[in-house]
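Peer 1: Right, I'll just put the structure down here and ask away after.
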Amino acid sequence: MRLNTYPQKETWSELVKRPVLKREKLTETITEIFDEVSKNGDRALIEFNKKFDNAEVETIKVSQKEVVEAESLVGDALKSAIQQARENIARFHASQVPQTEKIETVKGVVCWRENRAIGKVGIYIPGGTAPLFSTVLMLAVPAQLAGCKEIVLCTPPDKEGKINPAILYAAKLCGVTEIFRTGGAQAIAAMTLGTESIPAVYKIFGPGNQYVVAAKEFAQNYKVAIDMPAGPSEVLIIADGEAVPAFCAADLLSQAEHGSDSQVVFLTTDEKVLEETVRETEKQLAVLPRNEMAAEALRNSHFILMKTLEEALEFSNQYAPEHLILAMENAEQYISGIENAGSVFLGNYSCESAGDYASGTNHTLPTNGFAKNYSGVSLDSFVKKITFQNLSEEGLKNLGKTIEVMAEAEGLSAHRSAVSIRLKATE
Ligand code: NAD
């Protein structure tokens with residue numbers, strides 16, 4: 001844990017840096033993995049399963065039989081929890097379907113926009129250190145609502161070569177069309193290039209570790225779109241004197257336990273809250289099953305005493321956290337000051353895990369400062385927007401002169417004559 005009191009603004013740029021792997025080494029690894037998948041397809045994926053996940057598998061594709069069997073392996077309590085989370089996520093994302101509005105910009109000139117689902121999407125479900133079946137809901141529910149025809153899912157196998165039954169159950173519930181046991185950069189390479197069994201897709205979604213994020217960035221060289229760089233999880237908490245240290249500590253650890261490269265930041269204006277939160281974090285860490293991973297993440301994390309809440313908010317905007325918790329009495333008052341954040345949790349009872357699982361918002365969010373220029377996954381992420389226009393004879397007469405003058409000035413005479421020829425025909 002790194003403790004800091006009233007850091008000078010000049011030092012903030014260092015404090016907002018995330019613990020990331022060396023770029024050159026990462027690029028080299030990703031390039032090699034893409035080459036291997038491109039040359040050897042499924043065979044390469046089977047070898048990578050052995051190398052990175054210690055798993056011997058015969059086939060990459062998960063059979064229908066395995067999916068059906070998985071249902072009986074998931075307990076009733078977990079099934080109903082997954083169903084309730086699915087309903088809330090569906091309700092929130094269905095509210096994002098836009099109404100088509102036709103706009104008459106000039107009399108006789110009507111323009112509008114319609115959504116069309118992206119035909120083939122690939123969703124990556126992390127499975128390295130925890131089987132994130134919640135991510136299946138976060139990606140497949142909006143994909144299904146948007147109307148994506150093919151939803152391809154890749155996730156790493158466990159040591160027996162199996163996929164966690166809850167992942168398979170959630171996938172079936174949300175209309176995933178095909179499931180493959182492959183993870184990391186090789187899964188992203190497979191969904192980008194296609195292999196004998198895995199179809200190449202148009203857009204790849206999903207969070208993952210730094211190999212997955214780097215592979216998604218690399219995939220864009222092959223005309224594949226990606227949702228965003230969603231890497232190692234992070235949370236930033238701003239706490240006032242009313243915050244509950246035990247709650248704050250639990251929230252910090254809930255992100256730290258994701259992985260050793262996660263980062264958590266705690267900002268407060270109250271010295272006592274700072275001391276108690278540090279103490280609580282150590283206390284709760286000691287009994288956490290994933291405490292080794294969380295402890296390593298905490299080594300890269302900051303606990304900072306700030307002069308004012310406004311200054312804390314300014315720091316947060318510079319950090320641009322994936323998750324921002326305002327553990328404050330009047331959290332709502334500060335909403336308009338938030339410029340950069342993936343998802344925000346207001347007050348002492350809005351724990352971040354509500355958004356991770358079941359409140360309805362999406363948990364696939366931009367990390368590593370990308371909340372400055374990316375939004376989290378939403379229904380929009382699964383559609384393209386096509387513009388339409390319809391000009392009547394009257395419309396072209398009203399707009400024709402403007403187009404002709406502009407085309408002439410740009411020296412594009414064919415553009416001009418596309419208008420002139422029509423206007424002449426109406427004389
Ligand atoms: P993962 O599925 O992302 O990665 C596991 C894979 O990494 C393995 O299958 C392997 O192929 C690859 N890998 C591991 N070591 C490697 C190496 N040395 N060289 C090449 N490839 C290697 O699972 P994970 O590791 O548990 O990470 C999940 C991540 O997802 C965490 O960092 C978590 O914080 C993050 N996450 C982010 C969000 C978000 O919205 N931003 C949401 C949920 C989870």
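Using N, Cα and C of the backbone, Cβ positions are placed for all residues, glycine too.
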Peer 1: Just to be sure I read the record right: Ser233, Gln255, His258, His323, Glu410, His415 are listed as binding substrate in TrEMBL. Which of Asp240, Asp270, Asp356, Asp380 is listed for the same site?
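Peer 2: Looking through Asp240, Asp270, Asp356, Asp380, the residue TrEMBL assigns to the substrate site is Asp356.
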Peer 1: According to DSSP, which kind of secondary structure is Glu322 (active site, proton acceptor) found in, if we only use helix, strand and coil?
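Peer 2: The residue in question, Glu322 (active site, proton acceptor), is coil (DSSP, three-state).
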Peer 1: Provide the three-state secondary structure of His258 (substrate binding site) computed with DSSP.
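Peer 2: SS state of His258 (substrate binding site) = coil.
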Peer 1: An 8 Å radius from the center of the Tyr124, Gln186, Asn209 Cβ atoms defines the neighbourhood of the NAD(+) site; name the other residues of that chain inside it, in order.
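Peer 2: Checked against the 8 Å cutoff, the neighbours are Pro126, Gly128, Cys154, Pro156, Gly183, Gly184, Ala185, Ala187, Ile188, Gly208, Tyr211, Val212, Ala215.
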Peer 1: Which chain-mates of His415 (substrate binding site) that are at least 6 residues away have a CB under 8 A from its CB, listed by sequence?
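Peer 2: Sequence-distant Cβ neighbours: Ile403, Ala407.
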